[in-house]
Amino acid sequence: MQEKNISKDKEYIDYVESASSFSIRDKLGYMFGDLGGNTLQVIVNTYLLLFMTSIVGIRAGHFAVIVAVCKALDSLNDPFIGRFTDKAAGTKYGKYNNIIRKVSVPMAIMTVMLFIDVSGFPYGLKVAWCLIIYFLWGVISSFWNIPYGTMLNSISQNQEQRAELSNFRSIGSLGANVIVQTVAPLLIFNNLNEATAQGFLILSIIGGVFSIICLFFTTRWARERIVITTSSEKKQAVNYKKLFLSFLKNRPMISIILAYIIVKFFIQTTGITNQYVFQVYFGETKTLAYAGIAQMIPMIMCMPLLKPLLKKFGKKNLITWPMIIGAVLYGLLAFVKVSPMAWVIIQGIASFFTGFYSLLIWSLIADGVDYHVWLTGERNDGMVYSIVTFVVFLVASLSTTFITLLLSSVGFQPLLQAMQAPGVAENIRHLSAILPAIGCVLIFLIFTLIYNLSDKDMEKISIEVGHKAKIREEELEEELEDK
């Protein structure tokens, strides 16, 4: 058994040492990871509510409870999945890439199962089906999300390269949103602006196949270059209380988590609420395709500006101040009646100013993980990242419930689809615009009052942490040679 472990350690170290220099392949590979995984996330998070309430026939209130329960349970699983990720043995495929390649197919299959039409089932069985499949989908998704997010720290310790990886991950995330929100309305809605069961199933199958292909390129192109742990290391028990208490001292990570929650509750709600704005208020569901494209163009414009603006303003300022402009633009949509295309254009311009946060968030999370290593002297990257997902999903588990309840509060009836009672359409328009405006203001306050780390400070911390990682890698090589 010991010889087998030594062999695996040697394969892992050989894999790391054989990696070529950081290049565009790494950035594209990391981008494909979010493009593939997030495509399924967007399909489920954006369209499952509409499918379950309008097609399957589950009451909106019951679906809200299902989502809250499943997300809460999934968040409790995340620390254990994070620990599993930390303890996972490195292989000839890498450490994190090895997990990603194994989970890609099951995640695609579970997504398709969520969109199987079970409207003919008895009501109790419908609810049970949704509860069980949605819970399992969440667990499997965490086995993609946590290793994928943690992997950034093993690809590079260089701050500029991390910002580029975060940039490309955000491009992948945005690409997933744009692709789904552009293609989905064309598949889901018929000429009467009504959703169809067949359209949802086709969407999930296409998304699943696309996800598998993207994650394949991630495992081939995004190379791990830093040995985080090996199977021959002594497996020490984690003091979860100590880890959590030390986490509370990590102000950069606390800021990031709060901002992430705000985005889930307020800004990213446009993906869901736009469906109802265009279905009920405008009566033009085909225009939804342009909404996705309109968000992509400003983000593409942000990309070449990111590097020079980072050098001039730094991450904190580049996220903070543009949020005020975003808040004003979203507020305009709430109180001024506009045409469908004007709505799309103004949302697109707003996404330019909120886009810097999206492009930098994963770089900030990687910085927060390294800051934790520097703060505590202990390396538990998967655990720290899983705490991020634990807190985010535990609180954000209420985000879909939140939107469902808000839609119900303004009089929306899912089974009526586009034919709602008078006044409901106007209420939905106000709701869709006010939420992201509030979110922009809250993120501005978080990064102004709580986030306390400059780029220069983070560069020094990363150099120190990277130096220690290199020393540990050399020690492991010596241990293997001695054995």
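Yeah, the Cβs are placed from backbone N, Cα and C, and that goes for glycine too.
Remote same-chain residues near the transmembrane segment (47-70) are listed as 114-115, 117-119, 123, 126-127, 130-131, 134-135, 138, 184, 188, 195-197, 200, 203, 272, 275, 397-398, 400-401, 403-405, 407-408, 414-415, 417 (criterion: CB distance under 8 Å, separation of at least six residues from the stretch ends). The transmembrane segment annotation in TrEMBL covers 47-70 (among others).
Per TrEMBL, transmembrane segment is recorded for 105-125 (among others). Non-local neighbours of the transmembrane segment (105-125) in the same chain are 37, 40, 43-44, 48, 51, 55-58, 133-134, 136-137, 140-141, 143-144, 197, 200-201, 203-205, 207-209, 211-212; each lies 6+ residues outside the stretch with a CB under 8 Å from one of its CB atoms.
Using a Cβ-Cβ cut-off under 8 Å and counting only residues 6 or more beyond its ends in the same chain, the transmembrane segment (131-150) has close neighbours at 33-34, 37, 40-41, 44, 48, 66-67, 69-71, 73-74, 77-78, 81-82, 85, 88, 95-96, 99-100, 103-104, 106-107, 110-111, 113-114, 215, 218, 362, 365, 369, 381-382, 385-386, 388-389. Taken from TrEMBL, the feature transmembrane segment covers 131-150 (among others).
What TrEMBL records for 201-222 (among others) is transmembrane segment.
Sequence-remote contacts of a segment are chain residues at least 6 beyond its ends whose Cβ falls under 8 Å from one of its Cβ atoms, and for the transmembrane segment (243-267) they are 354, 357, 361, 364-365, 367-369, 371-372, 375-376, 380, 383-384, 387-388, 391-392, 395-396, 398-399, 402, 435-436, 438-440, 442-443, 446-447, 450-453. Positions annotated as transmembrane segment by TrEMBL: 243-267 (among others).
For the transmembrane segment (287-306), the residues of the chain that approach it from at least six positions outside its boundaries are 163, 167, 170-171, 174-175, 177-186, 274-275, 278, 318, 340-341, 343-345, 347-349, 351-352, 355-356, 358-360, judged by C-beta separation under 8 angstroms. Among the features that TrEMBL reports, transmembrane segment is placed at 287-306 (among others).
Here TrEMBL flags 318-336 (among others) as transmembrane segment.
Residues annotated as transmembrane segment in TrEMBL: 342-362 (among others). Counting same-chain residues at least six beyond the ends of the transmembrane segment (342-362), those with a Cβ under 8 angstroms from any Cβ of the stretch are 149, 152, 163, 165-167, 169-171, 173-174, 256, 259-260, 263, 267, 270, 274, 277, 282, 287, 290-291, 294-295, 297-299, 301-303, 306, 309, 315, 318-319, 322-323, 325-326, 329-330, 332-333, 436, 440, 443.
According to TrEMBL, the feature transmembrane segment maps to 383-408 (among others).
Among the features that TrEMBL reports, transmembrane segment is placed at 428-451 (among others).
Long-range contacts of the transmembrane segment (318-336) within its own chain (CB-CB distance under 8 A, at least 6 residues past either end) are made by residues 306, 309-310, 343, 346-347, 349-354, 356-357, 360, 429-430, 432-434, 436-438, 440-441, 443-444, 447-448. Proximity of distant same-chain residues to the transmembrane segment (428-451), defined by a Cβ-Cβ separation under 8 Å and at least 6 residues beyond the stretch ends, is recorded for 251-252, 254-256, 258-259, 262-263, 265-267, 269-270, 273-274, 276-277, 280-281, 316, 319-321, 323-324, 326-328, 330-334, 350, 354, 357, 406-407, 410, 412.
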